[in-house]
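Annotated in Swiss-Prot:
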- GLU137: active site, proton donor (ACT_SITE)
- CYS24-CYS39: disulfide bond (DISULFID)
- CYS33-CYS45: disulfide bond (DISULFID)
- CYS38-CYS52: disulfide bond (DISULFID)
- CYS58-CYS62: disulfide bond (DISULFID)
- CYS93-CYS156: disulfide bond (DISULFID)
- CYS167-CYS175: disulfide bond (DISULFID)
- CYS274-CYS306: disulfide bond (DISULFID)
- 22-64: domain 'Chitin-binding type-1' (DOMAIN)
- 65-98: region 'Hinge' (REGION)
- 99-321: region 'Catalytic' (REGION)
- 1-21: signal peptide (SIGNAL)
Amino acid sequence: MSFRALSVFSLFLSYLILGSAEQCGRQAGGALCPGGLCCSQFGWCGNTDDYCKKENGCQSQCSGSGGDTGGLDSLITRERFDQMLLHRNDGGCPARGFYTYDAFIAAAKSFPAFATTGDDATRKREVAAFLAQTSHETTGGAGWAAPDGPYTWGYCYNRELNPADYCQWDPNYPCAPGKQYFGRGPMQLTWNYNYGQCGRAIGVDLLNNPDLLATDPTISFKSAFWFWMTPQSPKPSCHDVIIGAWSPSGSDQAAGRVPGFGLITNIINGGLECGQGWNAKVEDRIGFYKRYCDTLGVGYGNNLDCYNQRSYNNGPSVDSM
């Protein structure tokens with residue numbers, strides 16, 4: 001037996017012996033490890049190469065940096081954040097004053113692989129893509145002649161307008177009495193089972209306290225990062241797509257699903273926006289993305305839309321949350 005095989009076997013054996021180790025990944029409903037630890041192929045948390053290297057089967061938070069933002073605050077400074085989300089604190093925005101730069105940076109510390117993987121262009125492109133998709137979800141610039149253009153009005157809302165309960169029976173994540181699970185936060189997370197999974201991953205009881213996504217800005221950003229960083233089979237994570245770590249399977253290729261910003265739209269809201277030809281919502285997402293890429297001085301990459309992509313049929317997304 002090689003040293004590598006022995007190492008993996010020993011690691012697996014230790015999991016059987018140490019039943020108290022914290023679970024994560026597909027073995028634990030997509031849960032993330034606390035403190036930015038890596039999730040191994042076996043669903044346990046740690047910070048060594050056996051846990052953290054992709055080639056060793058790492059499932060999430062694979063940088064192993066233990067919570068460092070890796071220079072995110074230099075990649076996107078407070079001034080640049082304010083420039084990109086220019087009108088988020090406008091008097092007409094219901095969420096004015098909520099989405100702060102400090103909360104954005106603090107939340108990112110729980111997801112150390114965000115915008116720290118790859119070269120400078122890849123890191124900037126991930127920031128642009130994340131802010132673009134979440135800006136579309138929270139935009140206040142649609143449907144009127146918005147000053148400075150519609151793509152300066154992201155992060156205007158933190159609650160869904162005219163919401164329903166979004167409660168569906170689930171044995172693992174039952175709805176709490178009197179609670180509603182409508183869209184909240186940058187990614188507008190919906191449905192009780194998504195609140196439950198997200199809360200479990202970030203260590204917050206969101207089933208009983210769903211409104212934390214609209215009252216605590218750091219937790220709110222964490223919910224969006226959780227969605228961004230977490231794969232939900234058969235969907236890859238948005239993170240893996242934008243950094244180039246995902247390759248389409250045969251079924252993906254047959255469905256026209258190719259790497260690029262457009263696939264992220266498919267992951268988030270493909271059931272309503274993809275595979276149907278031109279779509280104004282897809283164009284809005286692309287508009288935000290191009291503006292943010294231009295602001296950060298990085299190219300857009302290929303395959304920006306999902307017009308010819310079939311949507312995924314399962315896994316959490318904005319259209320199925």
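Cβ atoms here come from the backbone N, Cα and C positions, even for glycine.
Here the features listed in Swiss-Prot are placed on the structure.
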residue	record	DSSP class
CYS24	disulfide bond	coil
CYS38	disulfide bond	strand
CYS45	disulfide bond	strand
CYS52	disulfide bond	helix
CYS58	disulfide bond	coil
CYS93	disulfide bond	coil
CYS167	disulfide bond	coil
CYS175	disulfide bond	coil
CYS306	disulfide bond	coil
If one measures from the C-alpha of GLU137 (active site, proton donor) to the C-alpha of CYS62 (disulfide bond), what distance in angstrom results, rounded to a whole number? 27
Could you state the CA-to-CA distance between CYS33 (disulfide bond) and CYS62 (disulfide bond) to the nearest Å? 11
Among the disulfide-bonded residues CYS45, CYS52, CYS58, CYS62, CYS93, CYS156, which ones place their C-alpha within 10 angstroms of the C-alpha of CYS39 (disulfide bond)? CYS45, CYS52, CYS58, CYS62
Given the disulfide-bonded residues CYS38, CYS45, CYS52, CYS306, find the one whose Cα is closest in space to the Cα of CYS24 (disulfide bond). CYS45
Quick one: of the disulfide-bonded residues CYS38, CYS93, CYS156, CYS175, which has its CA closest to the CA of CYS274 (disulfide bond)? CYS156
Which residue counts does DSSP yield for the region 'Hinge' (65-98) in the helix, strand and coil classes, in that order? 11 helix, 0 strand, 23 coil
Could you please provide the mean pLDDT value for the region 'Catalytic' (99-321)? 94
Which disulfide-bonded residues are spatial neighbours of CYS45 (disulfide bond) here, meaning Cα within 10 Å, out of CYS93, CYS156, CYS167, CYS175? none
